[in-house]
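Marked as repeat 'TPR 1' by Swiss-Prot: 1-30. Under the heading repeat 'TPR 2', Swiss-Prot lists 76-109. Annotation source Swiss-Prot lists repeat 'TPR 3' at 110-143. For 144-177, the entry in Swiss-Prot reads repeat 'TPR 4'. Per Swiss-Prot, the feature repeat 'TPR 5' maps to 219-252. Under the heading repeat 'TPR 6', Swiss-Prot lists 325-358. What Swiss-Prot records for 428-461 is repeat 'TPR 7'. Taken from Swiss-Prot, the feature repeat 'TPR 8' applies to 527-562. Summarising the annotation, Swiss-Prot assigns repeat 'TPR 9' to 597-630.
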Amino acid sequence: MTSTQARIREAVRAGSVRDYARAIRILEELAASGKAEGCHHPDGGAVYERGAQEEWNEGSSESHAHGGDGTQDAYPEIYLYLARAYHAQRQYARAVAYATVYSRRVPRDGAGWFFLGRSYLALHQGGYAVAALRRSVRENPASLGAQALLGLAYLRSKKPRAARMVFEQALAQYPDNKRLNAGYLNSLFVEAVQHLKRGSADLARQMFTFLINQDVDGVAPRLYLAHAFRSLKHFPEALTQYRAASAFAPHDPALKWYEAAMLVEMGCLSQAAALLSTLGVSIERDQISDRFLVMGAVRKHMEEGAWARAASAAHLYLKTFGGSVEIHLLMAEVHRRAGRVNVALNHYTRAMKIEPKNCYPHYGLMVCLQEARRWQELAKAIRRAEGAGCDAQDCYYYRVITAAHLSNPPEEVLPHLQELARGGKADQLLFNALGVTYVRLGMADLALRWYEKTLLLDAEDEEACVGLIACYEALCDDARAYTQYGAYLSRWRDNRVIRKDFIAFLERTERWSEAADHIELLASGERGGFWGTRLAFARKKAGQYRQAAIIYRALLRQRPDERVLLHNLVYCLDKMGQADAGLRLLRAACNAFGTSVESRLIEGVLCLHTRRINAAIRTLRAVLEQQPGYTAASELLAKAYALASSRA
């Protein structure tokens with residue numbers, strides 16, 4: 001066993017007892033020293049994944065490659081173990097980086113793709129997770145863990161049919177596995193809901209019936225099954241299922257409205273009226289209609305904030321009775337509250353087509369576009385609203401707010417905003433518009449007050465949270481800007497633009513370790529892994545020399561003749577206490593690609609650090625012969641002479 005193999009086994013043992021910090025330190029030292037790289041045979045050994053909860057000391061057959069031409073052996077499994085250790089530490093972006101490197105080095109090993117997919121899934125990047133896990137299953141079809149995780153990745157990517165097929169195939173191999181069966185039933189449920197929404201009511205009925213028979217029971221399965229029966233006009237069966245749903249949630253009044261609607265469909269008006277009276281709704285028999293009752297169910301769900309059920313009920317109404325302004329407005333509101341902006345806009349537009357002069361769809365559309373900050377579209381919507389006869393003051397209000405967010409001169413917009421404020425307007429939309437206008441005028445101190453007013457009304461207002469960042473940066477208040485960036489990204493973690501701004505801020509304020517972490521997080525969401533030199537530089541500036549050296553080595557594999565990368569790698573090795581290794585690497589690179597004054601100077605420094613005083617003197621003299629007057633070389637040479645004389 002080589003010393004490298006012994007060190008790897010030591011790291012594996014540390015990982016097996018959850019001493020991940022020690023395992024990472026050992027593995028990063030090996031990777032930084034180049035032990036993970038080298039010439040490896042394409043059919044080199046593989047590490048086989050044995051499940052997501054596999055212990056470190058299982059399945060650890062080594063995948064190092066032996067250099068048949070006398071080159072140093074490579075141990076790419078170092079990257080795999082690093083990926084697993086960082087995943088265990090919940091540092092998923094770094095886990096992705098190392099798993100990516102390993103999978104490129106050993107592409108036939110399903111374990112690498114498995115752990116890459118697992119870390120992508122932890123970062124909520126379902127598409128990348130699916131691609132990695134599909135490759136894992138292809139390389140190792142017998143892997144139960146990879147198949148289960150692939151099914152989950154498909155589910156999270158909103159592809160229930162693909163998920164169900166994966167679980168079905170896995171169950172054919174492992175029919176008694178409870179995890180696979182649970183995944184299969186979950187994916188079948190989501191697929192059944194999709195079939196119902198697309199109009200395949202009979203297929204949905206069969207699927208929901210199967211699920212209930214498999215003990216996947218409760219309000220949701222019964223409610224969806226009832227909707228399926230209703231779409232098929234099987235009203236008695238639908239009534240039975242609505243009552244079954246109510247039995248699971250007896251205090252949910254919305255479910256009673258469905259029962260009443262079915263009683264009306266079946267001609268039982270007296271029973272429907274009696275049921276409604278228990279809900280506090282007094283209505284004559286001849287005034288009861290199924291339309292009224294389904295609409296009532298939609299409204300009840302909305303009152304309770306049950307947006308998914310409200311959307312389902314509204315969809316049922318639309319399929320049964322066709323479109324109307326009222327139902328499209330309700331559906332738009334449901335989808336707007338659920339964050340599905342484009343679907344909401346579609347329903348507002350459909351309502352406008354039914355009644356072009358009805359102002360309510362125009363107001364709803366303007367609110368939706370404003371919340372989504374789609375200002376160019378809002379400007380056009382305002383003109384349409386004016387043409388439909390909407391209130392002139394309301395249109396003026398939206399026009400001024402929109403102007404503040406477009407490329408209009410802020411000094412021209414400000415008087416209109418001030419007029420609105422004097423007129424009694426006191427809402428967060430106006431406050432934010434005043435904030436952005438003052439920022440553009442260079443009056444961040446005034447802007448700050450308006451954003452703070454907004455946040456008193458709504459602490460979750462995203463525009464105001466971003467506005468505070470801009471104000472603090474303009475006022476050079478780095479401490480508050482730093483805090484606000486952190487607060488914002490903890491709430492809206494997917495905003496890549498703000499994260500890039502935060503990285504620039506962290507670099508400017510020399511918070512290098514945190515800058516590197518955020519660079520890594522951004523890189524995990526893009527094909528290509530590391531952000532190259534920027535990440536390596538941040539790690540180096542943070543004093544994280546092992547991690548920086550690993551990245552510089554990866555970059556040098558792509559650009560082996562680039563001097564800056566070489567010099568930075570050697571610098572990191574020196575800081576790690578591996579000046580000897582750095583010196584050997586530098587000399588080898590100079591022999592291969594030629595030397596330079598800077599390289600010779602660094603060689604002189606390394607000779608001094610390794611106590612090769614005579615070699616340092618020769619090297620530094622050569623530098624001064626090539627470039628007389630080089631101050632750094634002169635100072636180092638004087639130091640070398642002093643060391644030589646002290647030894648004499």
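From the backbone N, Cα and C atoms, a Cβ is placed for every residue, glycine too.
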Contact check, the repeat 'TPR 2' (76-109) vs the repeat 'TPR 9' (597-630), 3+ Cβ pairs under 8 Å, seq sep 6+: no
Non-local residues, at least 6 beyond the ends, that sit with Cβ under 8 Å of the repeat 'TPR 9' (597-630): 563, 566-567, 570-571, 574, 579-580, 582-583, 586-587, 589-590, 636-637, 639-641, 643-644, 647
Tertiary contacts of the repeat 'TPR 7' (428-461), as residues 6+ beyond its ends and Cβ separation under 8 Å: 370, 400-401, 404-405, 410-411, 413-414, 417, 420-421, 467-468, 470-472, 474-475, 491
Helix, strand and coil residues within the repeat 'TPR 1' (1-30) as assigned by DSSP: 25 helix, 0 strand, 5 coil
